[in-house]
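**Q** First the structure, then my questions, so here it is.
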Amino acid sequence: YLYQWLGAPAPYPDPLEPKREVCELNPDCDELADHIGFQEAYRRFYGPV
């Protein structure tokens, strides 16, 4: 028997997570993301988010 109402709700999946992972696997994109943010770094390397 599970006490589902006691746990935190499941977080909604992040639609940008697959793109974030692509950027993290590219050392240059990952480094740039640390400075200017993931979305801008991804845009510079791969185009529109």
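Quick reminder: no glycine exception, Cβ is built from N, Cα and C everywhere.
Note that the structure is predicted; figures quoted are calculated from it, not measured.
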**Q** In Swiss-Prot, which of these is labelled 4-carboxyglutamate: Glu24, Glu40?
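**A** Matching Glu24, Glu40 against Swiss-Prot annotations yields Glu24.
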**Q** Which residue, out of the disulfide-bonded residues Cys23, Cys29, shows the minimum number of other Cβ atoms inside 10 Å of its Cβ in this structure?
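**A** Comparing Cβ neighbours within 10 Å for the disulfide-bonded residues Cys23, Cys29, Cys29 has the fewest.
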**Q** Between the Cα atoms of Cys23 (disulfide bond) and Asp30 (Ca(2+) 3 binding site), find the distance and write it as a whole number of Å.
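**A** For Cys23 (disulfide bond) versus Asp30 (Ca(2+) 3 binding site), the Cα atoms are 6 Å apart.
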